[in-house]
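*Asks:* Sharing a structure with you now.
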Amino acid sequence: MITDRVSDYLEKIEKSDVNAFIDVNGEKVLKEAEELEKNDTLKNKPLYGKIVAVKSNINVKGYKISCASKTLEKYVGTYDATVVKKLRSQGALIVGMTNMDEFAGGSSGETSCYGPTKNPAAMDRIPGGSSSGSAAAVAADLCDMAIGSDTGGSIRNPASHCGIVGFKPSYGVVSRQGLCDLAMSFDQIGPLTKNAEDALVLTNAIKGIDRSDSTSLETPKFEKKDISNYKIGVVKEFMDVTDEKIRNEIEKGIEVFKDMGCKIVDLSYKYIDLALPTYYLINYVEFFSATRKYDGRRYGEFIEEACGEEVLRRILIGKHISEQEFSGKYYKKALQARKSMKKEMLGLFNSADLIVGPTVPKLPHKLGEDVSPMEMYAYDVLTVPTNICGICSGVVRCGNISGVPVGLQIQGAPLEDEKVLSAMIEFEKNY
């Protein structure tokens, strides 16, 4: 019975000390489960009875959509985002809203006004961010699957740290209507799951064109493909910036592809040093623009007075480099760099079907450890190129170091999501 499964998850959530959830309404989801059991039209849908957690920057009617910030602490969603409507239409149930870095501006899960999320795979370490609660909820078995958002690695980073699967679809594959945006030219919604097969199913359920999001695209259903004849690219610079212990685990993962019959191709990406400055300069400007609606008049509090330290830092830098006298010096140069980075990245796919490598260059730090902003940003160096270039990228578990999970990142060209998801599935089967 679906209601029994919902009750079991609600009990687990209640007992959990991971701090994965911000808002759970047991009475509401149990009532919806009872109605679902009587709904014969949804019984053959791919997500029928699946219990899904949703990141707290995606609108779900009747739930607190706070972005883990005191700015929106009292805001309750008045509508369902397009992805949530799609989930419900496929027979899924929303169990609650997950914790996250405030306004999705972080890589650790520690900037939430509700306190940090713990990593179920290594309880003394960060789970990664910004989709920290969604990743932790899946890793701790507090739901069947979860939805997160990825602006510069916010699905893939916590998936890697928590030892689960995460997928960032190509830009435009999934509608962002109902998402509280961080940086609109980078943002994408995607799945966090216990296995790669579920990531394929969940991506198919939420993707598709939406009149409410002009960037959204229609794509055919993603199917599993044979990858045995694929060329797998390994980028030297991605490996070089990664800690040796993580690199060793990734090299074992690359051998798995070789054993499957894939050809390994050595590649070089000369713009790796531009990744973080390009990403963050554009991010700051777009985030500053996005937060102007949080003025304390229509809803919530005035953001500059209510937000935390990291969000305020991003707003102030974004304001500064948006000014006319600095825009040409910083923002416009970042846009030029983005164009060069994208051209170079897309060129790599002329030599390889997919690019495989590490997700994050270092192990997650311990909860509460003093880490500088620059050290925090360094977690993103291998994930932001995906968002800068609009390509797709997934993460699957690839070993561990003293019990701390390591994630293998698989990147594909724009709209080659099917290839990436297929490779994730085959890797899991053969690892």
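Cβ atoms here come from the backbone N, Cα and C positions, even for glycine.
Okay, these came from Swiss-Prot:
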ACT_SITE  Lys55  active site, charge relay system
ACT_SITE  Ser130  active site, charge relay system
ACT_SITE  Ser154  active site, acyl-ester intermediate
*Asks:* Give me the CA-CA distance between Ser130 (active site, charge relay system) and Ser154 (active site, acyl-ester intermediate), in Å, as a whole number.
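*Replies:* Each residue's Cα considered, Ser130 (active site, charge relay system) and Ser154 (active site, acyl-ester intermediate) end up 5 Å apart.
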*Asks:* Can you tell me how many other Cβ atoms are located within 10 Å of the Cβ belonging to Ser154 (active site, acyl-ester intermediate)?
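*Replies:* Here the count is 36.
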*Asks:* Roughly how many Å separate the Cα of Ser154 (active site, acyl-ester intermediate) from that of Lys55 (active site, charge relay system), to the nearest whole number?
*Replies:* 11
*Asks:* Cβ-Cβ under 8 Å from Lys55 (active site, charge relay system), same chain, 6 or more residues apart: which ones?
*Replies:* Met97, Thr98, Met100, Ser131, Gly133, Ser134, Ala146, Ile147, Gly148, Ser149
*Asks:* Tell me the coarse DSSP state (helix, strand, coil) of Lys55 (active site, charge relay system).
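*Replies:* In three-state terms, Lys55 (active site, charge relay system) counts as strand.
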